[in-house]
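Undergrad: Here Swiss-Prot flags 1-24, 79-99, 158-195, 259-271 as topological domain 'Extracellular'. Annotation comment: Swiss-Prot describes ASN4 as N-linked glycosylation site. Annotation source Swiss-Prot lists transmembrane segment at 25-48, 57-78, 100-119, 139-157, 196-218, 236-258, 272-291. Annotated topological domain 'Cytoplasmic' per Swiss-Prot: 49-56, 120-138, 219-235, 292-310, in sequence order, evidence recorded as sequence analysis. Taken from Swiss-Prot, the feature disulfide bond applies to CYS96-CYS188.
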Amino acid sequence: MGGNQTSITEFLLLGFPIGPRIQMLLFGLFSLFYIFILLGNGTILGLISLDSRLHTPMYFFLSHLAVVDIACACSTVPQMLVNLLHPAKPISFAGCMTQMFLFLSFAHTECLLLVVMSYDRYVAICHPLRYSTIMTWKVCITLALTSWILGVLLALVHLVLLLPLSFCGPQKLNHFFCEIMAVLKLACADTHINEVMVLAGAVSVLVGAFFSTVISYVHILCAILKIQSGEGCQKAFSICSSHLCVVGLFYGTAIIMYVEPQYESPKEQKKYLLLFHSLFNPMLNPLIYSLRNKEVQGTLKRMLEKKRTS
């Protein structure tokens with residue numbers, strides 16, 4: 001800590017600069033979205049665990065994606081709802097750092113899981129005869145664990161670099177949760193290294209993962225076009241198109257937020273883009289998979305019919 005500066009012990013999240021009536025409206029709307037996130041992803045997890053036909057590598061990774069989406073929403077949305085009800089209620093420094101660390105961990109993990117899922121589809125469609133020998137359960141578990149461990153370690157790097165910084169005021173954080181770039185703006189010390197690390201992490205993880213995913217799907221598209229069976233081609237395209245929707249939503253918003261130069265987009269615009277990224281993406285992911293995936297639809301129908309007849 002530097003000299004005679006008094007370190008602040010809490011932050012005040014400014015959230016959304018709106019009137020009380022609109023705040024209550026948003027509270028109800030975001031609460032509804034939060035319930036949809038928990039129900040949607042929880043349903044995906046339940047269907048995969050209960051139906052043995054979904055005990056395949058693709059759905060194994062999809063279940064991990066559902067867990068990440070739930071965890072990511074739980075790390076940000078409750079605090080957002082508290083801010084809407086009690087705009088003047090501060091968050092402690094420790095709470096802010098914890099929230100930032102958890103969000104970064106889950107965001108990095110989701111980024112890596114999407115790469116793993118694209119690789120799984122690449123092997124399934126481009127090398128179908130070798131799929132069972134390549135994507136063994138040992139390999140699947142290793143890939144999933146690696147995604148989680150790397151996600152946590154990458155977030156830990158940012159946290160370790162941020163904790164030594166002094167925060168002497170102001171304590172007003174222009175965001176709806178403790179986002180790393182918004183927190184860095186309140187530091188009284190030089191944050192150049194931190195900003196470089198955020199950019200380096202975004203370029204290496206986000207851009208690297210994005211291009212890896214694109215390369216996988218280019219190969220997949222070429223393989224799909226060669227499939228002679230119309231039904232096989234339609235099934236492969238249906239599965240991959242749902243994956244591409246999720247990939248496009250995730251990487252598109254994340255790259256604009258952390259890779260695009262700061263002067264290209266207004267700060268408020270990026271704040272609302274992050275709202276979409278942290279609130280709407282986890283809600284849309286299970287909808288995309290359930291609406292575009294006949295296997296998930298079939299499992300859901302069987303479960304509902306079984307419940308009616310019992």
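Each Cβ is built from the backbone N, Cα and C atoms, and glycine gets one as well.
These numbers come from a predicted model, not from an experiment.
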Undergrad: For the transmembrane segment (25-48) and the transmembrane segment (272-291), decide whether they are in contact, meaning at least 3 CB pairs lie under 8 A, counting pairs 6 or more apart in sequence.
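TA: These two stretches do touch.
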Undergrad: State the non-local partners of the topological domain 'Extracellular' (158-195) in its own chain: residues 6+ outside its ends, Cβ under 8 Å from one of its Cβ atoms.
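TA: Counting only partners 6 or more residues beyond its ends, the topological domain 'Extracellular' (158-195) has Cβ contacts under 8 Å with 1-2, 5-8, 10-16, 75-76, 79-80, 83, 90-91, 93, 95-97, 99-101, 103-104, 201, 258, 267, 271, 274-275, 278.
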Undergrad: Which one of these disulfide-bonded residues, CYS96, CYS188, has the sparsest Cβ neighbourhood, judged by other Cβ atoms within 10 angstroms?
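TA: Taking CYS96, CYS188 as the disulfide-bonded residues, the minimal 10 Å Cβ count falls on CYS188.
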Undergrad: Grab the same-chain neighbours of the topological domain 'Extracellular' (79-99) for me: Cβ-Cβ under 8 Å, and only residues 6 or more beyond its ends, written as numbers and ranges.
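TA: Answer is 8-13, 15-16, 23-24, 26-27, 30-31, 34, 159, 162-163, 167, 171, 173, 176-178, 183, 279.
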Undergrad: Count the CB pairs under 8 A between the transmembrane segment (196-218) and each of 100-119, 139-157, 272-291, then give me the winner.
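TA: Counting Cβ pairs under 8 Å, the winner is 100-119.
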Undergrad: Six or more residues beyond either end and a Cβ under 8 Å away: which residues meet both conditions relative to the transmembrane segment (272-291)?
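TA: Residues packing against the transmembrane segment (272-291) from afar: 30, 33-34, 36-37, 40-41, 43-44, 62, 65-66, 69-70, 72-73, 76-77, 80, 103, 175-177, 179, 242, 245-246, 249-250, 253-254, 256-257, 265, 297, 300.
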Undergrad: May I ask for the residues of the chain that lie six or more residues beyond the transmembrane segment (139-157) and have a Cβ under 8 Å from a Cβ within it?
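TA: Those are 57, 60-61, 64, 101-102, 104-113, 116, 119-120, 197, 201, 205, in sequence order.
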Undergrad: Counting only residues 6+ away from its ends, which parts of the chain sit with a Cβ under 8 Å from the topological domain 'Cytoplasmic' (120-138)?
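TA: Same-chain contacts beyond the ends: 57-58, 61, 216-217, 219-220, 223-224, 236, 239-240, 243.
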